[in-house]
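Engineer: Annotations for this protein, taken from TrEMBL, read as follows:
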- 61-81: transmembrane segment (TRANSMEM)
- 93-114: transmembrane segment (TRANSMEM)
- 147-169: transmembrane segment (TRANSMEM)
- 175-194: transmembrane segment (TRANSMEM)
- 250-273: transmembrane segment (TRANSMEM)
- 285-306: transmembrane segment (TRANSMEM)
- 365-395: transmembrane segment (TRANSMEM)
Amino acid sequence: MSINIKGSRLRLTNYRVEILLNNVIDKDLQKMLLPLNIIQCLTFCPKYQIRDNFITSNCRALNVVSLLGTLVFTGILVIRASLAFESYVPPAFFISQIVDSGSYFVGYIINFIVSIKYSEHNVKWVLAIQDVHRSLNDESQFKSITIWTWIVSIFVTSAYIVYFIYFQIKVSTTTVNIGTLILSVFDFNIVYAIKLIKFLKSKVVLWNIEVVKTLELKNYDTKEYNDKMFEVIVKIFDCYKLFKVSFNHLILYFILNVFTHTLLYTGLVLLIIDDKNPKEFIPNATLSAVSIYMWLAKGILLQVILTQECEKFYKAIENVQDTCAIVFKSGCSGSTGIFFFVDDMKRLCKNVQRLHRASFSKIQLFGLFQVDAVLIVQMISVITNYVIVMLQFIFL
């Protein structure tokens, strides 16, 4: 593990999005972001563009392509919903189809607006992440993160392709299955968020390890080192702020979408079970019910992983505060060198604690709820209550 601090203090407010020398993206960071960026491009909503190792916000041509892609995708959803008008199905199935297509229609509009509005903002957090990475890096750990980013991206993409091919053969029409396939954009946004928060967590852990190591070695020449370490933690907090701004809308939509569709699809499955002859309206009713629960499990699993990674990040920040508490309890053994060492370390930790009080908070989704472990418990509790009510209406 190595630490390399470069340049003077650079706050995020001074980042420029135009093509400048500091807009150059290192090759190793490009490798980590490449699979995520490819997936975003395939869904016609890239967050930024990297050309000739320079990162810039989306140009007008890309914005036009994103608009056309959004129009095509939303058009497919409209066709998908119109199929409900052309066939006789029970009212509950008709309403669910309309609500389903309508919610995803809104999701695509949100995704398009966010990709356009926050494109420059996305460039800022990539530059901020790179600044942190240059300052604090464990090569073996970063290599592992890069490999797993590729593995996860390939796995998620392959899972959607297999799902599309299988159900194209077994269940639905081409239009319905294409409509299902393009819904992957919402899952890919969460995969992107998961990998970024995991990356930030790794940098917080490295920062804490460096401080603890310095405390144990009692390196007397630490004033400049402590100033640089404080600069690094400031940049990490700035990255976290930019992450929240860029992904708040997408995470909020995903969580609400998982919640509403869990209730909606659970109601449909209960109706299928209660119907004496469900195949009259739904061919392959059993397979449809299984696919519904597979879809729900996928969404809930992604949400659990997201909250888990957020909790790990919060815990890493708490560990930094614990390290600061240990420093405050450290005394000196009478040596002048050790006295100044402890004094410098305490000054660093005081600044870190002030920064924590002023800048850090859990991810708040517009005041509705926090993204943490409690969210999953609350969501499961509410879903359970609604399912019990639906069971009473259907079977009692």
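A Cβ is built for glycine as well, from the same backbone N, Cα and C atoms used for every other residue.
TrEMBL entries are annotated by machine, without manual review.
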Engineer: Where else in the chain does the transmembrane segment (250-273) make close Cβ contacts, counting only residues six or more beyond its ends and a cut-off under 8 Å?
Structural biologist: 90, 92-93, 96, 99-100, 103-104, 106-107, 110-111, 114, 186, 189-190, 193, 282, 285, 288-289, 292-293, 295-296, 299-300, 302-303, 306, 363, 365-366, 368-369, 371, 375, 379, 382-383, 386-387, 390-391, 394
Engineer: Within the same chain, where does the transmembrane segment (61-81) have neighbours whose Cβ lies under 8 angstroms from its own Cβ atoms, ignoring anything closer than 6 residues to its ends? I mean 6 or more beyond.
Structural biologist: 43-46, 49, 97-98, 100-102, 104-105, 108-109, 111-112, 115-116, 175-176, 178-179, 182, 185
Engineer: Checking distant contacts: for the transmembrane segment (93-114), what same-chain residues at least six beyond its ends satisfy Cβ-Cβ under 8 A?
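Structural biologist: 43, 45, 66-67, 70, 73-74, 77-78, 80-81, 83-84, 179, 183, 185-186, 189, 246, 249-250, 253, 257, 260-261, 264-265, 267-268, 271, 281-282.
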